[in-house]
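Taking it in order: structure first as structure tokens, then the write-up.
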Amino acid sequence: MFTCEAGIASVQQAIKDVAEGKFVIVIDAASRENEGDLILAGEKVSTEKMSFLLSHTTGIVCASLSREQAKSLDLPAMVQDNQCAFKTAFTVSVDASSGVTTGVSASDRTRTVQLLADPAATAESFVRPGHVFPLISQPGGAVQRPGHTEAAMDLMRLAGMQPCGIFAELVNPDHSMMRQQQVLAFAEQHDLTVITVDDLITYRYTYDSLVTKISSARLPTKYGDFSIHVYESIIDGTQHFALVKGDIHEQEAVPVRVHSECLTGDILGSCRCDCGAQLDMAMRYIAEEGLGVIVYLRGQEGRGIGFGHKIRAYALQDLGYDTVDANLQLGFPIDAREYGMAAQVLKDLQLTSVRLITHNPRKFFELQRLGIHVLDRIILPVSISTENEGYLRTKKERMGHWLDLPVLDDVEEEYETVERMSCR
């Protein structure tokens with residue numbers, strides 16, 4: 001069932017507030033800046049609102065713009081070699097070219113922001129440098145880059161505003177950065193809506209259309225005929241696909257496998273993992289049921305770290321690291337995969353509810369969080385060998401996977417029907 005009503009409701013309220021010219025607060029991840037920013041629609045700015053912004057923040061007023069806007073206003077990158085930890089895309093700073101004095105006062109910066117939000121403004125409307133800092137938003141918004149720049153732009157678009165949101169980082173009276181509890185107290189004091197960047201990303205995966213179906217065909221396989229549907233992400237152009245068996249339109253309790261790309265396991269028959277066996281068993285199960293879907297997510301090699309890094313992790317595993325510590329040693333999360341595109345594909349297929357073929361609790365609950373009605377899970381046998389036993393036990397013991405692993409000596413007797421048992 002859907003499990004993030006509070007976050008979704010907060011985003012809906014934030015969108016309403018932005019449209020009404022109110023400030024909202026957006027908090028990013030603790031692993032990122034871990035800060036709260038006041039955000040306001042540029043076209044709704046006033047001297048009074050600018051004064052409030054300057055009084056409670058660092059005073060560095062940023063304005064999110066699209067790449068096209070920056071180009072039309074002749075706003076090049078501030079530096080050619082961006083060494084910022086989060087690659088924040090600053091352009092040269094600006095002031096309005098008329099109607100201001102020094103450019104730094106609340107009224108002067110209000111005038112500058114109003115021009116940035118004005119679609120009739122031109123490059124000649126500004127002087128450079130100045131006291132307002134335009135930032136270029138990634139075209140995919142917060143889904144592509146989970147920063148305040150993109151969050152501001154997403155909120156402007158969702159609220160029907162001009163694509164220019166202003167924002168600045170909240171600070172305490174001693175000018176230290178506000179952290180989450182301080183931000184929440186400030187929001188309560190000033191009756192402001194607070195959302196997180198993750199809330200906004202979830203909202204977009206739930207309500208936006210972020211994939212486009214680009215082709216479909218019949219696909220005969222060793223398990224019979226499937227239909228294959230290719231989807232392209234509008235965020236980064238990655239092409240994912242769905243294998244469909246039977247008439248699934250508005251069906252309930254449809255068996256679904258969400259499978260992350262694994263070239264070594266799915267194609268090369270690697271014995272280090274059970275990915276290829278899981279894919280085979282899911283296809284067989286769905287074929288026998290006569291109904292089901294396999295969503296194949298491209299670009300998720302090595303639990304999202306990429307193919308080259310996955311092979312580096314293999315080398316570390318040969319030195320004694322398990323699959324978790326190998327990722328950490330390379331500087332990556334244990335599991336960097338996201339399932340938003342899977343949710344998008346399932347929604348496009350118009351499934352009412354699903355039964356998920358998985359041992360992975362994170363996948364199960366993440367799809368629920370993204371609005372997919374997951375009724376229950378389907379457990380298929382585990383393909384275990386001397387080569388992948390440690391990998392599977394790490395998934396069970398360190399990643400919490402729902403795995404009931406047999407004693408290896410009993411494998412062939414217990415799971416004689418499971419393919420890919422030749423890995424010794």
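Backbone N, Cα and C define each Cβ position, glycine as well.
Pulled from Swiss-Prot:
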type	residues	note
REGION	1-206	region 'DHBP synthase'
BINDING	E33, H148	Mg(2+) 2 binding site
REGION	207-424	region 'GTP cyclohydrolase II'
BINDING	R257, V258, H259, S260, E261, Q278, E301, G302, R303, T323, T358, K363	GTP binding site
ACT_SITE	R337	active site, nucleophile
Cβ neighbour count within 10 Å of E301 (GTP binding site):
20
Max CA to CA distance in Å over the GTP-binding set R257, V258, H259, S260, E261, Q278, E301, G302, R303, T323, T358, K363?
23
Count the other Cβ atoms sitting within 10 Å of the Cβ of H148 (Mg(2+) 2 binding site), across every protein chain shown.
29
When DSSP states are folded down to helix, strand and coil, where does E261 (GTP binding site) land?
coil
Can you check which residues sit near R337 (active site, nucleophile), meaning Cβ under 8 Å from its Cβ, same chain, 6 or more apart in sequence, and list them in order?
S260, L297, Q300, R303, G304
Using C-alpha positions only, work out which of the binding-site residues R257, H259, E261, E301, T358 is nearest to H148 (Mg(2+) 2 binding site).
E301
Any idea what the model's mean pLDDT is for the region 'GTP cyclohydrolase II' (207-424)?
90
Binding-site residues (R257, H259), the one with most neighbouring Cβ atoms at 10 Å:
R257
Would you mind pulling the DSSP three-state label for E301 (GTP binding site)?
helix
Under DSSP, is the residue listed as 'active site, nucleophile' part of a helix or a strand, or is it coil?
coil
Report the same-chain neighbours of E261 (GTP binding site): residues 6+ apart in sequence with Cβ closer than 8 Å to its Cβ, ordered by sequence.
Y296, L297, R298, G299, Q300, E301
Let me know the DSSP-derived helix, strand or coil state of H148 (Mg(2+) 2 binding site), please.
helix
